[in-house]
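Peer 1: What Swiss-Prot shows for this protein is this:
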- Thr330, Gln373, Ile374, Glu375, Tyr413, Phe439: L-phenylalanine binding site (BINDING)
- Glu415: Mg(2+) binding site (BINDING)
Amino acid sequence: MADNSVSEQLLQRLQDGGSKGVDSLELAALLGVEHQQVVGAVKSLQCLGEIIQAEQRSSKKWELSSEGEEIGREGSHEARVFQTLPKEGLLQAQLMKQPFSKVGFSKAMSNKWIRLDKAAEGGPRIYRVVDSIEDTVKEKLQLILKGRADDVNEKDRNELKKRKLVNEVTVKSYWVTKGSGFSTSITKQETDLTPEMIASGSWREKQFKGYNFDALGVMPECGHLHPLLKVRTQFRQIFLEMGFTEMPTNNFIESSFWNFDALFQPQQHPARDQHDTFFLQDPALATEFPMEYLERVKKVHSEGGYGSQGYKYDWSIHEAQKNILRTHTTAVSARMLYKLALQKDFTPVKYFSIDRVFRNETLDATHLAEFHQIEGVVADRGLTLGNLMGVLKEFFHKLGITKLRFKPAYNPYTEPSMEVFSYHEGLKKWVEVGNSGLFRPELLLPMGLPEDVNVLGWGLSLERPTMIRYGIKNIRELVGHKVNLQMVYDSPICRLDA
């Protein structure tokens, strides 16, 4: 039945009923149409002005689930188990092959309709205990299906609901009455005044739909920030609130010297091979270095110094010259600390950076080959591990991450070192979110920093905290070709509680 026909039937019912109203559910049943079709007709008539008045009403109704409908036709699981059993009984293994047996067996046992003989010949065997049964579950479901849910007591309804055979749903309907401009004839209201109407004068005979000045209108199309950019902005704001200065991170390409050697990472370290690092083919080698500093780094690697034995190997300038895609932004920190050491008088500093790094890693749910690293560095006299833990707790607390664990770790350029773990509610496990430590004297003293100056350093990825904040379980749903653009549109503004 077309919507216009439903609208006409609705108006005619109101006309015939005098001052009485019409219930949309009753009208749908009377006309044999879907209730939503009647609702559409009501809303269409409302748009025509004061022809009708419609009051929305809500009521509770019991409906059968898909399993409940099946049981209403075929019988309950326990009844079907009983009916499957012959007088001589049936092997339990054979009965349990039926799809209804798992639930039906336990229910039939509870009702004492059947018994299990575990000592029977050939294996456990099930027998009938009674000659006949009454399938009350099927009867109650059929009553509810016929709209007679009130004939089933509340206890039984709740039991059926517990078995997921029925659901209590809220049904919304309309009580429709005549409006001040009621008429049984439907006149289409125009929405636009066209040049043709003006030229012909036909506009005088037209009815125009009134403007709804309260309507919000269509939301304008605009750009949407990716969750990573939102969280990055919050990270940056937190660093600035804590008094940090942002470091320049425009060099994606670094020499192995600044990325590894300056950080007292030996040239035989496995992180420096092709399985973990992306090497450049052209230009393959860097040529410009602060030579005096380079010689001091070479010496501390190959011979030791500053109270350290070093690594005792033949340090190669060729290995240090190799250009790579930086594996961490700590290379930027090394450059900044070297510039700090060149100053005439030492001044305490707090630096931070947020930018991309690259590692030749296997992709999985929590790892990418290209990701963002957040770096924090504090340089001052007399700093300790306690200072580091305090700064980290304050930093992560500002991120809204309070479930933290610190685990002792090893890093070539920090001692002592700690890994930082946070609990991921989505993955239901502790996830590493950062690494930290006090920079080693073998790193700081060759730069020329005073001996009593200590440097705290920590780094974490941007992606994992973003996953935690937005409840994303797989990093490939956040970055890459599998990203759902609707997620980008719908994701709320990130506010990390201080």
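Glycine too: its Cβ is placed from the backbone N, Cα and C atoms.
Let's see these features in context: how buried, what's close, how far.
Peer 2: On its own chain, Phe439 (L-phenylalanine binding site) has Leu337, Tyr413, Thr414, Asn454, Val455, Leu456, Gly457 as residues at least 6 apart in sequence with a Cβ closer than 8 Å to its own Cβ. In the three-state DSSP assignment, the secondary structure recorded for Phe439 (L-phenylalanine binding site) is strand.
Counting every protein chain shown, 15 other Cβ atoms lie within 10 Å of the Cβ of Glu415 (Mg(2+) binding site).
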Peer 1: Of the binding-site residues Thr330, Gln373, Glu375, which one sits closest to Glu415 (Mg(2+) binding site) when you measure Cα to Cα?
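Peer 2: For Glu415 (Mg(2+) binding site), the closest Cα among Thr330, Gln373, Glu375 is found at Thr330.
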Peer 1: Can you tell me how many other Cβ atoms are located within 10 Å of the Cβ belonging to Gln373 (L-phenylalanine binding site)?
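Peer 2: Taking all protein chains shown, Gln373 (L-phenylalanine binding site) has 24 Cβ neighbours within 10 Å.
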Peer 1: So how far apart do the L-phenylalanine binders Thr330, Gln373, Ile374, Glu375, Tyr413, Phe439 get, largest Cα to Cα in Å?
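Peer 2: Between the outermost Cα atoms of Thr330, Gln373, Ile374, Glu375, Tyr413, Phe439, the distance is 18 Å.
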Peer 1: Looking at Cβ-Cβ distances, which residues of the chain lie under 8 angstroms from Glu375 (L-phenylalanine binding site) while being 6 or more apart from it?
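Peer 2: For Glu375 (L-phenylalanine binding site), the qualifying residues are Met247, His328, Thr329, Thr330, Val332, Ser333, Tyr351, Phe352, Ser353, Ile354, Gly457, Trp458, Gly459.
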Peer 1: With every protein chain in view, how many other Cβ atoms are within 10 Å of the Cβ of Tyr413 (L-phenylalanine binding site)?
Peer 2: 22
Peer 1: Are there any residues at least 6 positions away along the chain from Ile374 (L-phenylalanine binding site) with a Cβ closer than 8 Å to its Cβ? List them or say none.
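Peer 2: Listed in sequence order: Phe235, Phe352, Ser353, Ile354, Gly434, Gly459, Leu460, Ser461, Leu462.
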